[in-house]
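*Asks:* Annotations per TrEMBL:
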- 42-344: domain 'Band 3 cytoplasmic' (DOMAIN)
- 179-223: region 'Disordered' (REGION)
- 192-211: compositional bias 'Polar residues' (COMPBIAS)
- 429-450: transmembrane segment (TRANSMEM)
- 459-477: transmembrane segment (TRANSMEM)
- 514-539: transmembrane segment (TRANSMEM)
- 546-564: transmembrane segment (TRANSMEM)
- 648-665: transmembrane segment (TRANSMEM)
- 685-703: transmembrane segment (TRANSMEM)
- 733-752: transmembrane segment (TRANSMEM)
- 773-799: transmembrane segment (TRANSMEM)
- 833-852: transmembrane segment (TRANSMEM)
- 859-878: transmembrane segment (TRANSMEM)
- 1051-1119: region 'Disordered' (REGION)
- 1089-1101: compositional bias 'Polar residues' (COMPBIAS)
- 1104-1119: compositional bias 'Basic and acidic residues' (COMPBIAS)
Amino acid sequence: MTHSVRRRMSKARRESQSIELSSLAPGTRVMFLLKEKENTPALFTEMGELNNEEWRETARWVKFEEDVEQGGNRWSKPHVATLSLHSLFQLRSCIMNGHFMNDLAETDIPSIFNAVIENLEKSGDLPSENREELREILLRKHVHQYEQAKKNGAGGEKGGFLSTVRSISDIGKSFSHGKNLSKIEEKPEGPVTSQTAGAPSGSSNQLTLPTVESVPKDISSEESSKGNLHFLKKLPAGVEASNVLIGEVDFLTRHICCFIRLKNANQLGDLTEVPVPTRFIFLLLGPTGHGQQYREIGRAIATLMADEIFHDVAYGARDVDDLLDGIDEFLDQVTVLPPGEWDPNIRIEPPSKLPSQEKRKQIGQELLVEPSSHKHVKKVVEEEEIHSHGDDPALKRTGKLFGGLILDIKRKAPHFVSDFTDAFNLQCLASICFMYFGLLAPIVTFGGLLEEATHQRMAAMENLFGGALCGVIYHFFAGQPLTIVGSTGPVLVFETIVFDFCHRFGIVYLSFRFWVHVWTAVIIFLMVVTDASALVSFITRFTEESFATLIAVIFIYEAIMKLVKIKGQLDMINYSRDFVEGGFCSCVPPIGKPSVSPDHARLVIKSTGLPIAFNDTFIDYTAANLTDCRTIGGSFDGTTCFPLYDKLLMSILLTVGTFFLATTLKKMRNSCYFPSSVRQLLSDFAVMIAIASMTFVDIFVGVNTPKLNVPSTFRPTWEGRGWFIPPFDANEWWTAPLAILPALLACILIFMDQQITTVIVNRKENKLKKGCGYHLDLLVLSVSILMVGFLGLPIYVAATVLSINHINSLKVESECKAPGEVAQFVGVREQRVTGIVTFLIIGLSVLATNILGRIPMPVLYGVFLYMGISALGGIQLFDRTLLLFMPMKYQPDTIYIRHVPIRKIHLFTAFQIGCLALLWVIKSIKSTSILFPIMLVVMVAIRKMMEKAFTTTDLKYLDDPMPDFHLRKKEDAKRRQSEGEAVEIEFDNENQATIHAVKTEAHLHIPMASGNVIKIPLAAIQEPSHSINLTKEVNNSGMWKHITSVDSKNSLVRDVPASSDPTSSRDAPIEQPEDDDDPIMIKVIRPSPHTSTSNLTTENTPLLKDEEPPKTNPDEPKV
């Protein structure tokens, strides 16, 4: 393999050499230009056209284009700019043959335009006799659209009712952008008064109407000179301006074009609509008759300035060739729409999510890796390739005792203070209100089920106390405080099995349960010590989504079934439409399973003083009237028993109303109605507003619907127990070691329930930034389990649906939105306060029994329905299930549909639905429900066996990759791959030097004398390159030759000698500034895959070069 290397180095080290950059692709040349760039400010671009005696604003760009409508009284909707290829080529010609005034030091408009005129006159593009005419035109007044709208509103001709309506809709905007207003007030021009609010100076303390189209007639010109402050609120901080000026004049015979970049951005009077400093000015003037061409060229340069890559090129350009490289790179990325299949006059709506431009920035990046940032670049690439939480450092086994726990503490400790300070936000208050009612109803309901399962050993009071204690402790110390803990269905099943076991063998339940909790806490602590949480890496999206879907479906199912069960609570009266002789209706003992346990019925009779006889084995149900019969769990019998269905109908209306009201208000954030601050407030408090509204409706109607029953006194439900549980009570000593067996089952249940939920919370889609702590979560959980065992309280573990809804209630979207830009999800408010405060209020709920007792249970069933359906919204299994009923032409454009055959997608979905059905059956059957946590482990094994039916590519897009069981072998192979194989490369040059390179599986790493490392893909060396150089292709195109031809009727090129070659300046070597850190280019001659010497001559095309082999100069020095 023969290599020719050309380097750029400082003169202090060796003679300066030049590189033929024209041989590289435009994207690669742009990469070399931007490799040392710093963060550049955002740009606001405004285009003004010469109109009679003034420059009039006709379009503007932040990210999308806005045009002044033909009526001249309003801006168009923001839309994606559509450009013709001809206008881009004309712009390229203007830049190539025009003037690039780089880092101009002038700071005001007269000085800048004087420098422009001198430059034009010096180059011969402007005759001396036209100098003053051009100066007078350039210094004319700039009129902006918002000023014209104010004149129309003040004159009353075009203002009217519509302007007033728009003004009212903008009231909230002045308050929703208070941060931006405070930034404006700090500017030296003085405090913001009422320029856009339409009030006289000094009235800033009064409520005003911030408008764009109508203001009072007495507005002063001094105020209007400050610019459009209302639009300034929509621009990002630190924004700079780019002005495009185009026009037709009658004294020019050919066009003049200047691209000006100021050394320092300066405020240039009324040049820009908003009071921001101007950095760039693009000037294009020419003879009359080409106005439409000038307008399209202006739109082209303005669109380029709004492009993320060309924006950076404009800031870093050193000469015209760098600007042309930016244009060529833009042309290399454009998409062409067929002219006969769409209407160019149609405005394309902005996308809901802007695509990332990082891939454009990485073109050619593999040719140069700085030694100081080599590891950093490699790390970034690896992070982008991570597809599962299995590669999360928090789940790596450290090999040391407490190793994972120590790393969790180090990871979370720096954020502990911010976990409290970040909660000072109205959104957190809304989340507290939502989660309070979302937690209170399940806790009370679960307490009732526990009361029945454990014969009052634990009930609603114990559940409230346990929730307050465990919730506060967990959210104060946990590694992931966004996870909400709660009492889950599997825990209820476990408590039922343990109680039945104790009841059968005559063991005291609470004392035996104490030892079960002790052993459970010890085993979980040993898991923390040995980094057992690393096993979570085997839980992929397949298992996560199956479990999350099951819990969400349970929420929906239980909400509907509880609503249906209200039919068994209907009031009964003695009535018949037809006459029935001897008709009667009376209360009788319950038939089948009673709705109220006999013990609870006796407690109700005793507490309310009902005249009903009872003892330990008997209750006289016949003595109860029809009103009290339901209360003590009796049934009705008779020929004239008539049920009243008003309770059921009202309950259905309350449930459905709560669900739809909460869902509708939650979507208000992205609605077109009301100001943004009002929409955000309605969205954050959607569930709270729905609960309050439906509760008031229930109170107003007065139907006797089921109400929330909260304990009113802080004492144990069962009189035979206290708050502290004795370790043995009447049990034998052998019950303590016997408790190890159920403790092992409890550990599997708690570990899987806790960690699957935590994995779902920590998924990369949630964009969490403060890290996680799987080991720390288990440690806090083990402590809380020991405490609730000693106090006789239920176990609290991570609740999947509640945690998902907690995350959804704290999602944050981007605040500063350019016109047309849709708010993007940027992360979650990571803090501990919402969980702590929510569980504190739950513990204090016993003090608000009178208020909480008025909330109808059907309203809370509507909240359950909302939480279950909301949790399904972000689950891919639900989306793939809908594909089964969707014709192919209507299927969404998702990443897995693009890369995986639809048959494989349906097969994968069938596997998941089958596992989901199996989990449902096992959970629903009482005799098998104890196997539920074990089945979650079995699902991991099923997912591993599915690798036989699916390819690695299929599972890459449908699921997460599972870790290899042979971890040690895999790590050794990875280490050998990273170390690489040392090879020697001889250079065919004067010194016959030898370079020691390192060859890895995918790249060849060549160290250079300057300290840089060249990384060349082996695939590019071994296989012919099919890439093209767009710059040379453009120069050879017929359209470009037509545009650059002097005799073309549409030519915008100034007169040049006929012998000049328009492409010569692009093909000549570019002189580069001296820089020790400049890039290095290596040309690699590919070897022929054949042994024939005749083939060697046809396969010697250099890497990254065109098909034509380069011409070498024998006199050129080599390195």
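Glycine residues also receive a Cβ, built from the backbone N, Cα and C atoms like all the rest.
Set these features in their place in the structure for me.
*Replies:* Non-local neighbours of the transmembrane segment (514-539) in the same chain are 388-392, 395-399, 401-405, 498, 725-727, 735-736, 739-740, 742-744, 746-747, 750-751, 755-756, 758-759, 774-775, 778-779, 781-783, 785-786, 788-790, 792, 795, 940, 944, 962-963; each lies 6+ residues outside the stretch with a CB under 8 Å from one of its CB atoms.
Listed as Cβ neighbours of the transmembrane segment (546-564) (distance under 8 Å, sequence separation of 6 or more from its ends, same chain) are residues 489, 651-652, 655, 756, 760, 799-801, 804, 857-858, 861-862, 864-865, 867-869, 871-872, 875, 877-878, 912, 915-916, 919-920, 923, 936, 939.
Beyond the ends of the transmembrane segment (773-799), by six or more residues, the same chain brings 394-395, 404-405, 407-409, 411-412, 446, 450, 457-458, 462-463, 465-467, 469-471, 473-474, 477-480, 483-488, 491, 495, 510, 513-518, 520-522, 524-525, 527-528, 531, 533, 536, 551, 716, 721, 723-725, 746, 750-751, 753-755, 757-758 to within a C-beta distance below 8 angstroms of the stretch.
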*Asks:* Could you give the residue numbers and ranges of same-chain residues that sit at least 6 residues beyond the transmembrane segment (733-752) on either side and whose C-beta is under 8 angstroms from one of its C-beta atoms?
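*Replies:* Contacts with the transmembrane segment (733-752): 490-491, 494, 497-498, 501, 507, 511-512, 515-520, 523-524, 527, 532, 727, 778, 781, 785, 795, 797, 930, 932-934, 936-937.
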*Asks:* Between the stretches 429-450, 459-477, 648-665, 685-703, 859-878, which one has more Cβ pairs under 8 Å with the transmembrane segment (833-852) than any other?
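*Replies:* Going through each listed stretch, the top one turns out to be 459-477.
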*Asks:* Under 8 Å, at least 3 Cβ pairs, sequence separation 6 or more: does that hold for the transmembrane segment (648-665) versus the transmembrane segment (685-703)?
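*Replies:* Answer yes, regions in contact.
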*Asks:* Would you mind listing the long-range same-chain contacts of the transmembrane segment (429-450), meaning Cβ under 8 Å and 6+ residues beyond its ends?
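*Replies:* Distant contacts of the transmembrane segment (429-450): 458-464, 467, 484, 486-487, 492, 495, 684-688, 691, 708-710, 794, 802, 805-806, 809-810, 834-835, 837-839, 841-842, 845, 852, 855, 857, 860, 863-864, 867.
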